[in-house]
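Marked as domain 'Kinesin motor' by TrEMBL: 9-115. Taken from TrEMBL, the feature ATP binding site covers G88, Q89, T90, G91, S92, G93, K94, T95.
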Amino acid sequence: MESGMEEIPVKVAVRIRPLLSKEVLHNHQVCVRLVPNRQQIIIGKDRVFTFDFVFGKNSTQKEVYTVCIKPLLVSLTEGYNATVFAYGQTGSGKTYTIAGGHVDQHPPCYNLLSG
């Protein structure tokens, strides 16, 4: 690394989405649980994973935005680079997290970035 360059770590957030209507209809069960008061989730019976931020199925768009996105927008206005990247398998909740469950609407920060 060049002298004077500051290393900025990648932060990872996970958001557990609620079951879809069709999943409830077919009696599917939630397979991901939050560990209370920790930034951890449990998948299945005993697979524990730790993240920088963990949001449960009842988290709001505002909560995710305030904790994860807003600080990045502030940094952007100060000249820093920032990226928000949603990753996961089909049906895992990417659109739900970015667009708030409304596929036909823009995400909450769209107007801030397009104007």
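The backbone N, Cα and C atoms fix where each Cβ goes, and this holds for glycine too.
Automatic prediction, not curation, is the source of TrEMBL annotations.
K94 (ATP binding site) is surrounded by 16 other CB atoms, counting those within 10 A of its CB over all protein chains shown. Counting every protein chain shown, 12 other Cβ atoms lie within 10 Å of the Cβ of G91 (ATP binding site). Neighbours of the ATP site: apart from G88, Q89, T90, G91, S92, G93, K94, T95, residues of the same chain with C-beta atoms within 8 angstroms of the site's C-beta centroid are Y96.
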